[in-house]
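Asker: One structure coming up, written as C-alpha cells, with questions to follow.
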Amino acid sequence: MQIELSSFKDRNINFLSSFLFYIIGLAFYLSSLLPFMKSLIPKNIPIQVVEQVKHLDYIIAIAALFLLMFGVIFEGFVLFLIINFLGAQIKIKTFYSLFMFSNIPVAIKFFLISFKNIFAEHPNTSLFFTSNHLIFSIFDLFNIAYLFLLFILLKWRTNLNYLTISVFIFTAFLYRMFF
C-alpha cells in the first residue's frame, strides 16, 4: 500500500517553531504543578534547607524545564546516531526538524495535562490515570502518535525501507520506555 501526499512530503518543516511549541507545552505543564510542588520536594532534604531557600518550588520547576529540554535534545541526538547507523544518511538539522515536529503530540499532551491539573481537584502528572504506571505512560495515544509521525516523516525524507524504519521506531519506542 503506497501513501502519497506530495503536498506534505515536499514541505519544509521548521525546527524552531516545533521546538518552541514543545517548550511552551512543557512550561505550561510544569507551571501547573507549582502549587503542588511541596509534595514533590524530596522528604530527605532537611527542613532547615527547605525553609532557608526562598522560592524552592520555582527553582525546582525551572531546573526540571532545563533538564527535560536537555533530555529531549539528547534523545534526538541518540536517535540521529541510530538512524544514520541504519543507513539513512540524513543531516542532523533535518533529523532534528523531523524529530521535533513528531514530538508535537507530546507537547499537546503537556498542554492537556496542565489544563487538567488546573481544573482538577487532585492533579498529577498523568492525563487519564491516577498513577504513572509504566505501561500507561508508554502506550498512550500521544506517544503512539509521536512514533507514527516519526515513521511517516522518516519514510518520506529518507530512502530507507519499511523494515529498517520499523527497527528504528522500535528502538525509539524502547528509548522512551526506559528513559
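Cβ from N, Cα, C; glycine included.
From a predicted model like this one, the values you see are computed outputs, not experimental measurements.
Pasting the feature list from TrEMBL:
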type: TRANSMEM; residues: 12-30; note: transmembrane segment
type: TRANSMEM; residues: 58-83; note: transmembrane segment
type: TRANSMEM; residues: 95-114; note: transmembrane segment
type: TRANSMEM; residues: 134-153; note: transmembrane segment
type: TRANSMEM; residues: 160-178; note: transmembrane segment
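Walk me through where these features lie, including what they touch and how far apart they are.
Answerer: Taking Cβ pairs closer than 8 Å, the transmembrane segment (12-30) reaches residues 61, 64-65, 68-69, 72, 93, 96-98, 100-101, 103-104, 106-111, 113-114, 117, 153 in its own chain, all 6 or more past its ends.
Using a Cβ-Cβ cut-off under 8 Å and counting only residues 6 or more beyond its ends in the same chain, the transmembrane segment (58-83) has close neighbours at 22-23, 26-27, 30-31, 33-34, 37, 40-41, 90, 92, 95-96, 99-100, 103, 154, 158, 168, 171-172, 175, 179.
Residues 13-15, 18-19, 21-22, 24-26, 28-29, 31-32, 72, 76, 79-80, 83, 125-127, 140-143, 145-147, 149-150, 153-154, 157 of the same chain lie 6+ residues outside the transmembrane segment (95-114) yet bring a C-beta within less than 8 angstroms of a C-beta in it.
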Asker: Excluding the flanking five residues on each side, which residues at least 6 beyond the ends of the transmembrane segment (160-178) place their CB within less than 8 Å of a CB in that stretch?
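Answerer: The answer is 75, 78-79, 82-83, 86-88, 134, 138, 143, 147, 150-151, 154.
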